[in-house]
Amino acid sequence: MKRDPVLIIALALAGLALFLPLGGASWTAAPMAFALWLAMFAASAFQTLRPLPTTRAFVLLAFAALAGGYSLLQLIEAGANGGEALALWTGLASLFFLIWRVVERAAMLGIERPGIATLIAAPLIFGIWLLYVWQVLVLGFKVPGVLLPAPSVICAALIGARETLAADFVQTFIKAVIPGFFIGGGAGFVTGLLVDHMPFLQRGLLPLGNLVSALPIVAVAPIMVMWFGFDWQSKAAVVVIMTFFPMLVNTIAGLEALGRIERDLMATYAASYGQTLSMAKLPAALPFVFNALKVNSTLALIGAIVAEFFGTPIVGMGFRISTEVGRMNISMVWATIAVAAVAGSASYGLIALAERRFTFWHPSFRKP
Amino acid sequence: MTTTSAIFAFPADLIRRAARGTALPVATILLLALTLWYAGTVFLNAAVVTDQYQRDRKTSWTTEEFIADTMSMERPVLPAPHQVAAELEKSIFGVRLTSKRNLLYHAWVTFSAAFLGFGFGNLLGIALAIAIVHLKSLERALLPWVIASQTVPTLAIAPMIIVVLGSIGFVGLLPKALISTYLCFFPVTIGMVKGLSSPEPIQLDLLRTYSASEVQTLRYLRLPASLSFLFPSMKVAVALAIVGAIVGELPTGAQAGLGARLLAGSYYGQTVQIWSALVAASVLSGASVGLIDLGERWLDRRLGGQR
């Protein structure tokens, strides 16, 4: 019977780690780490020799990965660090192969029995692994916090300064991004609808719109700050300009997307323009509109934050980033980035959910 | 091209054909935009000019004089197109090509960083896409994070990244190129994942009957099939690469580049300089997209594609 090569590599590296130097620490001085590492080794060895079916294999390997991961953190605490702690880095490599299998089992679980928990398991574990590697590398190599803080430090900053961060979030996201996003998207959509009436304008606007959406629109930020002042209005204006063109181009392309046959069908029904629009053209355009909304959801946040670099009141995410960089308080910067990333992902996710809801008929959502 | 083949045709016919093509509509929209720009110049600068008149105790003026004054201000709220054109002309042809006051020099600095980042981004994007297409578990585990990676406001933290990289010895072109890389690997990855998995099952089956290896399948089927997805992604990516390079130049560390011009213009209220840098950036990104388009057509002809 063929053994799993990935797990064999993981086991070999894990065994090797027990005999390599540990820098400032030793396995005997950290009995807890030693015990956990052995538990990890035993669990992986069991799966290698007597493979379990998917679900149980996933549970066993996930347990092994947790034990191994905690063991390495204990080693670092016991004083293992730097380039001479070869066991630490070999152990990390061993965990990499173990995690590879865990993620694969999780992905297979998602295929075998789809559900929200099993579908997000694989990406979630992968994300936690990335954070873990970051933590171990920063702590293990003693990277100064000014260069790159450890995730644990960022998390502490996130909790410690939650009121400041909440105020920044309101200023940037609620006051600038959301109105700008809706005004820009709405204006783009309405312009697209109007232009659809006039084929001449449409043929002129589509190539130009494509060109404009390729332009570095962020660069108008200083001009907007000059025109609309330092407060959120100028940031909203930047967001409006950034979100307008992707929406315009996509709306025009989407309204065009309706097939000849469908158009002819509506004509044989003697449908009015309004009826054709609401019953055939708009539904056909929806996938394009959602595409624009997705693109815009990340563009809007970037636009607002960059605009704050060119002048702002003393609150806002862009302001926080630029001042805390100046004060070398990098963990606070990363905390702000984390807030922005979560806000961006959440808006993207919300739009993706709405897309599934409203364009469920689209081929890309069909079950294979 | 409708318009070029119609040059020798009867003028009325030419106009009709131009109206059906894209040249005339585009020209019309451009003309409209230019008109709006001029109107905006008068409208936005009016307050400052009136203010100036009051300070000069000037009580009567003609409309023409007023309009002319709104278009010839030193630091207008919105400069007129011809002012921007004059500034462009002055800063491109008025000084030596190697001088730091030449806009082309700054455009070159930005372009070289963007180009380097674009190259890295394409390599990274294509490598990731190949890995994702060949390892099923990676598609589920990695792809969501590729998307999440773009919700980090990279542009917003670009200045910090530049400063941090600078403190560990990375200066000059590379930090800017890295930001461009981070921005432009994303569309390439997404487009290539779609493109590499675009061959029909029947085509994959054919290669299996030839007992082609994975590498051969990639070389003879997947890669050629992905080209029509790669080029549109590259067009998006090159525009992003230029944006990334410009934002990377915003921190005070950068003395050259279009971003540095923007920042300097913004500090000293030199609106004409900001607008001319903006125009230069737009031309740069338009030209890069055009270059990729040319490359696409060339490759398409080489591969015997029919259009």
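These residue numbers are counts, starting from 1, taken along the chain as shown.
For all residues, glycine too, the Cβ spot is worked out from N, Cα and C.
Where the annotation comes from TrEMBL, it is an automatic prediction and has not been curated.
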A:5-25, A:299-319 - the range that TrEMBL marks as transmembrane segment: A:299-319
Of the residue ranges A:173-195, A:265-287, the one that TrEMBL records as transmembrane segment: A:173-195
Range from A:86-103, A:115-134, A:173-195, A:299-319, A:331-354 with most C-beta pairs under 8 A to the transmembrane segment (A:236-258): A:173-195
